[in-house]
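The compositional bias 'Basic and acidic residues' annotation in TrEMBL covers 1019-1030. For 1033-1046, the entry in TrEMBL reads compositional bias 'Low complexity'. The domain '1,3-beta-glucan synthase component FKS1-like' annotation in TrEMBL covers 159-275. Look at TrEMBL and you will find 1-22, 1019-1046 tagged as region 'Disordered'. Here TrEMBL flags 311-330, 342-363, 383-401, 422-448, 487-505, 534-552, 1342-1364, 1510-1532, 1616-1637, 1649-1670, 1677-1701, 1721-1739 as transmembrane segment.
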Amino acid sequence: MSHRQRPPPRGTGSPAPGQAHLESEPYNIIPVHNLLADHPSLRYPEVRAAAAALRAVGNLRKPPFAQWLPQMDLLDWLALFFGFQKDNVRNQREHLVLHLANAQMRLTPPPDNIDTLDGTVLRRFRKKLLKNYTDWCYYLGKKSNIWISDRREVASDQRRDLLYVSLYLLIWGESANLRFVPECLCYIFHNMAMELNKILEDYIDENTGQPVMPSISGENAFLNCVVKPIYETIRAEVESSRNGTAPHSYWRNYDDINEYFWSKRCFEKLKWPIDVGCNFFVTSSRRRHVGKTGFVEQRSFWNLFRSFDRLWIMLILFLQAAIIVAWEGTEFPWQALKLREVQVRVLTVFFTWSGLRFLQSLLDTGMQYNLVSRETLGLGVRLVMKSIVAAGWIVVFGVFYGRIWTQKNQDRRWSAAADRRVVTFLEVGLVFILPELLALALFILPWIRNFVEQSNWRIFRMLSWWFQSRIFVGRGLREGLVDNIKYTLFWVVVLATKFCFSYFMQIKPMVAPSKALLNLKNLKYEWHEFFQSSNRFAVGLLWIPVVLIYLMDLQIWYSIYSSFVGAGVGLFAHLGEIRNIQQLRLRFQFFASAIQFNLMPEEQLLNARGTFRSKFNDAIHRLKLRYGLGQPYRKLESNQVEANKFALIWNEIIMIFREEDIISDRELELLELAQNSWNVSVIRWPCFLLCNELLLALSQAKELVDAPDKWLWYKICKNEYRRCAVIEAYDCIKHLVRVIIKRNSQEHSIVTVLFQQIDQSVQSERFTKDFKTTALPQLHAKLIGLVELLNKPEKDLNQVVNTLQALYEIVVRDFFKEKRSIEDLREEGLAPHNPASMAGLLFETAVQLPDPDDETFYRQVRRLHTILISRDSMQNIPVNLEARRRIAFFSNSLFMNMPHAPQVEKMMAFSVLTPYYSEEVVYSKEQLRTENEDGISILYYLQTIYHDEWKNFVERMRREGMVYDNELWTTKLRDLRLWASNRGQTLSRTVRGMMYYYRALKMLAFLDSASEMDIREGSQELGSMRRDTNLDSFNSERSPSSRSLSRTNSSVSLLFKGHEYGTALMKFTYVVACQIYGTQKARKDPHAEEILYLMKTNEALRVAYVDEVSTGRDEKDYYSVLVKFDQQLNREVEIYRVKLPGPLKLGEGKPENQNHAIIFTRGDAVQTIDMNQDNYFEEALKIRNLLEEYRRYYGVRKPTILGVREHVFTGSVSSLAWFMSAQETSFVTLGQRVLANPLKVRMHYGHPDVFDRFWFLTRGGISKASRVINISEDIFAGFNCTLRGGNVTHHEYIQVGKGRDVGFNQISMFEAKVASGNGEQVLSRDVYRLGHRLDFFRMLSFFYTTVGFFFNTMMVIMTVYAFLWSRLYLALSGVEGSALANDSNKALGTILNQQFIIQLGLFTALPMIVENSLEQGFLQAIWDFFTMQLQLSSVFYTFSMGTRTHFFGRTILHGGAKYRATGRGFVVQHKSFAENYRLYARSHFVKAIELGLILIVYATHSAIAKDTFVYIALTISSWFLVISWIMAPFVFNPSGFDWLKTVDDFDDFMNWIWFRGSVFAKAEQSWERWWYEEQEHLRTTGLWGKILEVILDLRFFFFQYGIVYQLHIAAGSTSIAIYLLSWIYVLVAFGIYVVVAYARDKYAAKEHIYYRLVQFLVIILAILVIIALLKFTTFNFIDIFTSLLAFIPTGWGLLLIAQVFRPVFQATRFWNTVVSVARMYDILFGVIIMVPVALLSWLPGFQSMQTRILFNEAFSRGLRIFQIVTGKKSKVDM
């Protein structure tokens, strides 16, 4: 026991009366209220010191209206004065004590007196906790109310420090939803701290003459008087948002409420105590209402221009300049730029620039006018002035530019006077760009910029007011110089590449065809042309796709360069050096040293850490480890402690692999490091390293028969494992033979002498001279026989005796080089002395085998057997791919750079927080057995996918006493359910993974404090214990002791001293926020029982939930409750119950859930883990190293979020899951790596990231929660962190598992959710501020990795649209034909090449290939890529581009983003056609049909398309897009091409379309209901959204306009009348439809004959009209089909416009017709999509091919997926 852990002093005598109550009070981690309790954490003097400091109330004035008890402390004192809740006080007391104790443990050097709280610990904590508050005071120019000077060292200040810190924590702990508005908390703290100061300084109240009292006090006063009014305001605002559908500008979200406190007006208006009558609280009337503050979110694509104006200005100006220069037609741009004319033309970029600035100021005014009110007039003045100044610049440039040309035209040449005017113009331009030059200067000197932004000087404030309105966040974001240079270089290279490419490959080739088209005279238009004069419109259409690609291709260049930079960074970080078990074998010998170096704390000298010398030594040491310089294994043999520690850790990892069933018992024996017994003189490496080595050594001995000893031994020693195998085999045989022969027999002495002789000759290096090496193979064969006999369950003594005799014969006869007679042998003691005793055979009576229960002995025998016989080189141990991947990653990570591990006592404490709603906890028996329509149950599916793991599980169950298989459903049911749940995405899997932290910390704490003796004895004890209990798979009788050892305990835990639990509990806690656990308990929901079971089996697990208690008729009280399972009482106990001001969920559900539970987390860091994650024991060992990163500087700041790498574990389920996980993996590894370094814009994007807890809890928490705008809540934590000056890093030596969606529809829902979330981000204030506050290059990185990626995906699709529509225009108008006639065919040909750049597919796949080749090797990566292509991954990626485009665009225009619960199930069932149609009709199918229609019309009417090759080259990628969008949902649908299912699906689809059901029908049942839901977004959109929608819908009328003139009936006329007449057709068709529909409604039921008559008349009429047309006009029969192409789109366009005007039409009778026409269209689309599906189903062979494509990954692992899909179960399975 170390001197620091003294047992707590025990009081004598009976306990005080209050004591009994104290002992029964439930506690969370430490019983702070009762320091005499017997609890392992109370051994630490630091805990008692912190608690004592809180109790030092001293001579403070006692609260007047309450009873003061002697055991009360400072927190109680505050609570009685200010009215905090009792449980809030208890919660924060433990929080504070734990934190201060942990901080004091970490002090280096340790304080002189460990029994009192150290002042520096407290001061540091106060400064960190209140840093945001002091910044806020400085920003507002207010004096801080913390009255402590940081200079004096006075003991009494400690109490004051404690009071301030406690006050803040108590406010924070009770403010519920206000935790999302951090500056509001600052305001509350500011005022309450003032009152606290008055009490401490004994102020007298002027009115009463009494000592000052706080303005609010009494029971729950703080909640009711401070929190509640503000909470109610937020709640009222949320209600006025109509569930998030109202425009953002109508209501205040969390950010608006918070930013009210960024100006001094909060002091003037709100006052203290809070004035509830102030206009801040008005929500109903619009007049006195405080509107939006700080920012107004408006739905518009202009937001992208507003937020990233610098990027667009750069792109537009370059495009303009490039076109001007290229127009000259010189070979290189610099040749054109020599001409004065071109130079002056290029100056027009200043017009564009000033115009764009003016546009920006107009947009600002148009979008932000809501912010201007009486209180904020300054803002309005600024908006107007900016617009006036911008307009002024346009005029100024116009005047000066005009003067240049007037002068030139006067002089008819470029005279000196004209040149002078050019110079004047340039001088004006210089003034215009002064701000940009200033910004550039400050960019080069980042620290000056930071100073300017953060200072409060008047002049700087004026400047920043003009250029960027002054706000509290987003100041001083510049990085250090080194980082600056890194990302600047990156972007300079990317931009240079892009601009060169754009100029030479995009812009220059377009100039010649454009000129040719412009110069085309007498074009023959084939329709009525409105602009006859020139062909400018046609030229414009040619340019549109080019310009669109020009605007988006920076994304491609970014993608290419970031892949290679990421690979470079990864290489330098030593990723992927150990990729597989072969590479691990080469390095395993340095592995022990690596574990020692990285995972075991060194004895740190006090001043050694962090000096240059220590860093240098570290680097040298790492090099030695990495490349095996110096032989570390020699050191291991001499240093047994290190070897034993290594063995403990390694064996524990392997044991846990066995617990998780990813290795079998046999593999466990091959992988574990055997404990040292049998007097073996070398390290006993795991068997899988020693295999085959002994045989190789034997063959070497055979070859080198005549070589001297030294040479032979030198050859063998060249391989370390071979040397060990030889020595171990010899030592073991020596020991074995002596053990099985009775001690005092003659035979025993003979054997002993023999071995002595061999030992002597080896020592004197005479072995090859004395013995024949040729006899060794014979000996080897016999020894194998002996060991095999010993291994048999029934041991046959006679055979053992025979084998020993045979061995003796070989040794005596063949082994010695010189022949010896029997006398010689007797003399030397190698034969029995008196021949009489030889009457029986030698060894006959002397053999005695150990007891069959001696597991240790037989296990060593098995090991020896393995070493003797193994011939193969065991490359495939372990068999399981997951086990291999984990071992490889873990071993590789230990050779990467990571901080040194501190001792567990000195590490940072941390918590894990998981939000949970109602997902699966553990699969129930029914869920595992229930079969889907194909006869597949979840269990059967898992047995098939995880075939080897199932075998291992059954083997483990048998070892634990299972006899018959059906016991799995009875006695072993819990194990079975857990086995299945740990392969799904369930809460139990996540909890198991996170609790590995606790196990790892306990083990590390043991290793930290254990002495050499403990470890040495321990490892031997363990060896014997483990052999008794765990692995008696070879003897069927079970030893009685094995039942006692529960499986959940790890083997190392048997050695613990007791303090390990205390240390681990103080350093780690796991809180699961089960929001509705209370309701689940009340409903007797099975989920609640499972959660309780999880708490029961994991002692560090806590569950937080919201409890609703009914008080009156309709009234409810809400509480945040924390519970745990008490092992002594054996039931769940409630620890804390903190009352909330009202319902929890005002914003998005998940962040609200996290926020309510965060008050129960502990420690310096909190790791946010989602419900779909998993963790691994070997990774948990590295958590101490990770947390040390908080002490390092990355650039100019320490990190506030540590990004962690994820491994997507769902990749093996199907090919879809594989594509998804491949994409995701490259994003979470390579993508995040580049963002963190060199680009410095990594945002917290997902879940294993570790937050600096105190930094975030004072700055708005770990996610944002406003309705709709923060729908992707996680990334806003990163935005907030960056804006407030935090730093996000990324670390790849530790990883967390993550599950992803696996079914096609789930994946699409997920993509939709992410895209909608990005659409909302575009509107958000965070993105706007980052776009303006980051420097230019970081802004580029930020744009292209967040919203820019989605925007550019949309641009790609837009390009396809623009390209096809412009081709259609050229074809139908006749421009193409005329151009061909005038032989500018070549010109149009160059435009074709443009379209190949659209192939984004390859470039988005590039990061994937690069990351794979880094981690798995280049050939493997290329092979994977080709396999993916064969499995149609391009189809999938193209489809998901469509998903992103649709939802991103729709969200920005119309809103309607919602959280989509994607479900985490296994997907093997077939999705019906109707379901796919519902999901994808609007987002993909209709668009694909539109593009397909354009392609068909183009093929039939284009002059170019007559040449088949040109047509294919031109449209192949567009056709690929169309086919992908239509076919992907069916290709990736199990049994998608099964003929019977296709037939059923079609029936089902028609039933759905014609369903006439009730009002309450769901969208799944009724087409009409679905149709209304699909246009829901049009009801909530604004005016601009509707106008844009109508403008976009007009495109469908173009088909009619273009095609009508191509009909034969038009007879070549191009009059406008033809188009107008064609509308008669539309009206007639519509009229006929109405008549038939009317007849059906009126007659179909009763007088059916009339209905048939009407139909007959219509048909007759149509035939007559057609005959008449054929006879009297130039009408041609084919015209009927052509005209369909024209009029069907027209109808669709009319329908869409009718939907926009639904509020107008819905009341009229006309609406019913609209609905029925819409139904017809959906039937038409359904049939069009069904045709290819039906065709493929009907053709033979497609079904099996599709199954192969879908499940190939599983096929290659030899699975019976086919049975899964077709449901032919094999009979053997249960």
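Note that Cβ sites are derived from N, Cα and C of the backbone, with glycine treated the same way.
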Okay, the transmembrane segment (1677-1701) and the transmembrane segment (1616-1637): do they have at least three CB pairs under 8 Å, pairs separated by 6 or more?
yes
Report the mean pLDDT of the predicted model across the domain '1,3-beta-glucan synthase component FKS1-like' (159-275), rounded to a whole number.
93
Considering only the recorded stretches 311-330, 342-363, 422-448, 1510-1532, state which has the highest number of Cβ pairs under 8 Å to the transmembrane segment (534-552).
311-330
Looking at 342-363, 487-505, 1342-1364, 1510-1532, which one has the highest count of Cβ pairs under 8 angstroms to the transmembrane segment (422-448)?
342-363
In the same chain, which residue numbers or ranges, 6 or more beyond the ends of the transmembrane segment (1510-1532), come under 8 angstroms Cβ to Cβ?
1215-1216, 1304-1305, 1360, 1363-1364, 1367, 1389, 1392, 1395-1396, 1398-1399, 1432, 1434-1436, 1438-1439, 1442, 1471, 1476, 1479-1480, 1484-1485, 1487-1489, 1491-1492, 1495, 1498-1499, 1502, 1504, 1729, 1732-1733, 1736, 1746, 1749-1750
Looking only at the domain '1,3-beta-glucan synthase component FKS1-like' (159-275), how are its residues distributed among DSSP helix, strand and coil?
77 helix, 2 strand, 38 coil
